Amino acid sequence: MRVNALLPLSGLIGTALAACPFADPSALGRRAEGGEVDARQRLKEVEVDDNGQFMTTDFGGNIEEQFSLKAGGRGSTLLEDFIFRQKLQHFDHERIPERVVHARGAGAHGIFTSYGDWSNITAASFLGAKDKQTPVFVRFSTVAGSRGSADTARDVHGFATRFYTDEGNFDIVGNNIPVFFIQDAIRFPDLIHSVKPSPDNEVPQAATAHDSAWDFFSSQPSALHTLFWAMSGNGIPRSYRHMDGFGIHTFRLVTEDGKSKLVKWHWKTKQGKAALVWEEAQVLAGKNADFHRQDLWDAIESGNAPSWELAVQLIDEDKAQAYGFDLLDPTKFLPEEFAPLQVLGEMTLNRNPMNYFAETEQISFQPGHIVRGVDFTEDPLLQGRLYSYLDTQLNRHRGPNFEQLPINRPVSGVHNNHRDGQGQAWIHKNIHHYSPSYLNKGYPAQANQTVGRGFFTTPGRTASGVLNRELSATFDDHYTQPRLFFNSLTPVEQQFVINAIRFEASHVTNEQVKKNVLEQLNKISNDVAKRVAVALGLEAPQPDPTYYHNNVTRGVSIFNESLPTIATLRVGVLSTTKGGSLDKAKALKEQLEKDGLKVTVIAEYLASGVDQTYSAADATAFDAVVVAEGAERVFSGKGAMSPLFPAGRPSQILTDGYRWGKPVAAVGSAKKALQSIGVEEKEAGVYAGAQDEVIKGVEEGLKVFKFLERFAVDGDDEE
């Protein structure tokens, strides 16, 4: 029996108060400024509108560029054709190196609004006034796949946020999982080399179901915690909108007078958490590789701007090792029982990019982009990222001036002595670009904690010790937290993790690597190891109970809470062009869309009122499937055979929707469609009856999102 042994520890955690007991308004400067903010206003000066204009060269002359200059109608193209050379040359250089990780992504602009004046916990300007707004840009991504890989590959997902604050850019470069695979950044190349495609044949793409990945995971036990999260629904979210975000590392927040606390950053989705199931994600990768980026784009374009709340966990500096692990260890998360989440503000993504390359591809996030009031810790993974992210941008952009790209420019302006370099965009008036200098009158002046609201390192931070190449012994426990995570899932979610590990490990060809996997799993849970061993045809290991416990924590399960909103979820209405069914489908669509759902009517061909044909439709595109009255005719007999769609496609859509845990329904006589695929009307998440009754049921079912009763759990088939 499980018991919750994680109890709140009163008195240990500082509380964020929306009031500042010591703030001097005259010292706060820009902090007090507020007002409405346009998410893309800063980019308008570099927008180019071709409407009503003639074609020009890159240097501004009007041209015709559809035909190259030749010697006669059938002659050679002339070398002097600068128009041809410029057009082809520019095309040849349109791409920059893709990110070595997080190459596949999508982004959006938005606004962050502070819920209060949080100057009692941080000097950060963007958190210094109630209702203060700050423009943001967020880039969501997968980690391992190339830029052309599928959105729904099982992976950790990037959640990188830039705040364009009035005191410089601040980036939270996080993921949708609160922990990471390694503890020391020096092992990052090893991690990525292991999960990337094999260097001999470039296979597999965006997948870890291969020998090298699991060789690394089973040889590097620090990876197990993140691995368990990735094997759960967190690795295959329903959309970017339906996942949380985490800063991963422990940072510091510092007040104006130098008082500091340790902090963990959290983004909490206001859409609710939701995930796909594995087969659904696999099929979706083939049916619509752009599913997540299309979902984000469509939601924003339709006025359904997604939002998240920014929350923090605050910890006293002297409590870094008070909870049984080290807060400097990025493979550990801080259970909410020890430090409750304190919500600071809300972010809404309300503008899509105007140009993917100029904005989403060229934005250059860095953990080193911090502002006054925020500081680093000695987390060894964070320390390495501070170097690596800057270095990779130098590689991608072939020089140091990538911060001058419009998407990277701070709204606060840039004044320093950095000069020249490839792609220099500024014309600097200061010819005495060095400091100190009498000739430039001391400008740009030095800013610090007391003058000019400059960045300052936390007062009192010290570092000393014997030089060595090792990790602290406080980082050594690699098994307690993965077990805590697994214990905290519902039984079906646990089964999903087991099934995912079975799937991945079954692709491993080396027998010793498979045995190593079982050995590591056994240190987390003998039950997990035994259940995986059965699928691999291997002998189960004996229990290794050193780290076994029955503790649970809250906030890690995806499926045990109903969605707070069903707006923008997608419903497929199966119909037919025969017998008046389309009229019934249109009525269904009208009613469902009143509640913010996105409804697609499907039939044999694109008649009036049909949004998609059966030949183009698939259950992966919908969160619920409803059969309109009269459409039962396409589920059996001659109606199921048509040259307009693959044989049995209507039944396949309904069956897959049911198998993948979605709400399924039938109106009136269409309940015969449910019967034809062997689905009982009384099952959870199955609705049949009159239109109003079905609509009510489907909308309630969408809040549940996935009906876990439909998924088998190990032992269910035992008598």
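Glycine too: its Cβ is placed from the backbone N, Cα and C atoms.
So that you can see what the record holds, here are the features copied from Swiss-Prot:
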- H102: active site (ACT_SITE)
- N175: active site (ACT_SITE)
- Y389: heme binding site (BINDING)
- 1-18: signal peptide (SIGNAL)
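Features recorded in Swiss-Prot, as mapped to the structure shown.
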{"residue": "H102", "record": "active site", "Cβ contacts under 8 Å, 6 or more apart": "R139, S141, T142, V143, G158, A160"}
{"residue": "N175", "record": "active site", "Cβ contacts under 8 Å, 6 or more apart": "V143, V156, H157, G158, F159, G245, F246, I248"}
{"residue": "Y389", "record": "heme binding site", "Cβ contacts under 8 Å, 6 or more apart": "V173, F365, Q366, P367, G368"}
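In this structure, H102 (active site) belongs to neither helix nor strand by DSSP; it is coil.
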